[in-house]
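> Can you read through this structure? Questions will come right after.
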Amino acid sequence: MHPASESSHITRLAESIVANTAIVNAYLCEQNLPLPRFDDINAAVRPCTADDASAESARRAVVTASQELRDLLSGPSAPLMVDWTAHSCLRTIVHFRLAEAVSLVPANDIGTSFANIAAQTSLSETHVTRILRHAMTRHIFREPAPGFVAHTAASALLSRDSVTRDVVGLITDEMWPAGLKVPEALARWPNSQEPEETGFSMANAQGSEEQKKSMWSVYEEDAERARRFGVCMSVENSAMPFPLEELEWQGLVVDIGGGVGFNVFNLAEKHQNARFIVEDLSKTVQQGRLLLPKQLKDRVDFVEHDFFSPQPVKDADIYFFRRIFHDWSDKHAVEIIRSLIPALKPGARVRVNELLVPKPGELPREIEKMARNSDFAMLALLNGKERNNEEWQALFRAASDKFRFGFCKTTPPGLMAVIEFVWEP
């Protein structure tokens, strides 16, 4: 037996939690920022320490240590008992818009009755009560008086913020069903690299397997689902930024799959000596031309292009891909890279801005988990993948041995990176 006074791993975790919580608390008090409360219906979406690197590091340390301590003290069966009811309950709340049926009132108000909420939906009072009381066990809604519901920070966000509803809807309606079908997809199509042979395609199957469709094909036929997906991808990109403007951009830059051009607009404002071309499919290019600021029209242009087709812009200085390759398996990613080669001049640079998968244990578990989650999502949705530094280099070598690795630069906390390759024929 260990002496009671001996420091153990669990006590060290607890001490870390206390020490780092004190740092977070001191920062919030010094900045006159509100302390986190479950009943704060005006709580910000961003972490309370997001604007200070030291305080944010302490906050992450608290979260990581707390999760590890909880896992240790809960026993080995706890991680195996996945709480499927949480996903189902949350999907039901979003589907029936229950959060919006609860009034956004001050914390000392009695709230909205279960009966009143039910009257705003097609559900019975009994069902509403059971659903919301289930959510309350996870700090989503609260019951300040018997039979009455008030918002917590989480439910208030769900009520007032349409983007949050879109994100939750995408997770519960699209990603969760796709993830459930991953075992069947892997059994049906072992080692497939095709985007229409996935958990998503099985979850959305209609008719025979000959009618299998990729996520892109499904969204082409459903404007609302496509809209929601687009909103969520914008949120993901803003949540994992990279200071692209700090890199050198000069000469002619081609942003391949660049959407409506927002990344290029920002770069063009800061790099006055560079010219930019944004490439994407026809509808997206048309939208981008309408959004192009007048002051940039002499240096930014749009070109219709499918990145599997030969690159039409020849002899550019930089060809740029942002969050493109993770949607595609190695087979198709190599095809995209090879479509560039006929257009490349000696010394041309290919820059990739993507999530960089860390080595096991290289980053805090909370951060690594984000990368692993994204990688599994790519498997379930598209047979795509997130890649580490070595895999990026192997991918470009597979496309051609004339690509030389230039650099790999990351930004805290270490997930997002820019990887550059130079064409040396």
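Heads up, residue numbers simply count up from 1 along the chain you see.
Cβ coordinates are placed from backbone N, Cα and C, and glycine is handled just like the others.
Remember, predicted model here, so these are calculated numbers, not experimental data.
So Swiss-Prot lists these for the protein:
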ACT_SITE  H326  active site, proton acceptor
BINDING   G257, G258, D280, D306, F307, R322, R323  S-adenosyl-L-methionine binding site
> To see if you understand the setup: which same-chain residues, six or more apart in sequence, place their Cβ under 8 Å from that of R323 (S-adenosyl-L-methionine binding site)?
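Spatial neighbours, sequence-distant, of R323 (S-adenosyl-L-methionine binding site): M233, N237, N353, E354, L355.
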> So what sits near G258 (S-adenosyl-L-methionine binding site) in its own chain, CB-to-CB under 8 Å and at least six residues off in sequence?
V264, V278, E279, D280, G288, F320, R322
> Using a 10 Å radius around its CB, how many other CB atoms surround R322 (S-adenosyl-L-methionine binding site)?
20
> Tell me the Cβ contacts of G257 (S-adenosyl-L-methionine binding site) under 8 Å, same chain only and six or more apart in sequence, or just say none.
E279, D280, F307, F321, R322, I324
> Express in Å, rounded to the nearest integer, the largest CA to CA distance found among the S-adenosyl-L-methionine-binding residues G257, G258, D280, D306, F307, R322, R323 named in the record.
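Largest Cα to Cα distance for the S-adenosyl-L-methionine-binding set is 15 Å.
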> Between the Cα atoms of D306 (S-adenosyl-L-methionine binding site) and H326 (active site, proton acceptor), find the distance and write it as a whole number of Å.
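Checking the Cα atoms of D306 (S-adenosyl-L-methionine binding site) and H326 (active site, proton acceptor) gives a distance of 16 Å.
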> Show which residues of the chain containing the residue listed as 'active site, proton acceptor', separated from it by at least 6 in sequence, have their CB under 8 Å from its CB.
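When sequence neighbours closer than 6 are ignored, the residue listed as 'active site, proton acceptor' has E354, L355, S374, M378, G384, K385, E386, R387 within Cβ distance under 8 Å.
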> What does DSSP call D280 (S-adenosyl-L-methionine binding site) in the simple three-state scheme?
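For D280 (S-adenosyl-L-methionine binding site) - judged by DSSP and reduced to three states - the answer is strand.
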> For H326 (active site, proton acceptor), just give me the three-state DSSP call.
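It is helical.
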